[in-house]
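Undergrad: Pasting in a structure now, in structure tokens, and then I'll have a few things to ask.
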């Protein structure tokens, strides 16, 4: 009986921790300011699209050769960053 209780406790813990991780990832897309997106995307080229309150990041920083650009390149695989836009738009 003790073994079943321990397994049940572990299962509940796993469920609760996975729920909180999914919640944290979903919150990253929602924004009200550009600063929130820069923090969530971990790059300076991110901004908040106020039409849908979603973080957007541009890849133009990766395409430049100028070493004086202060922007950090956005990491396209970063989960909390929202959607990509082309620098040609």
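Just so it is clear, glycine is given a Cβ too, placed from its N, Cα and C backbone atoms.
As annotated in Swiss-Prot:
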type     : residues : note
DISULFID : 31-48    : disulfide bond
DISULFID : 37-55    : disulfide bond
SIGNAL   : 1-20     : signal peptide
Undergrad: Just counting, how many other CB atoms are there within 10 A of the CB of residue 55 (disulfide bond)?
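TA: For residue 55 (disulfide bond), the count of other Cβ atoms within 10 Å is 24.
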Undergrad: Please classify the secondary structure at residue 37 (disulfide bond) using three-state DSSP.
TA: helix
Undergrad: Given residue 55 (disulfide bond) and residue 48 (disulfide bond), what distance in Å do their CA atoms have, once rounded to a whole number?
TA: 5
Undergrad: Tally every other Cβ atom lying within 10 Å of the Cβ atom of residue 37 (disulfide bond).
TA: 29
Undergrad: For residue 48 (disulfide bond), which residues of its chain lie six or more apart in sequence with Cβ-Cβ distance below 8 Å?
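TA: The answer is 31, 32, 33, 34, 36, 37, 54, 55, 56.
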Undergrad: Under a three-state reading of DSSP, tell me whether residue 31 (disulfide bond) is helix, strand or coil.
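TA: Reduced to three states, the DSSP call for residue 31 (disulfide bond) is coil.
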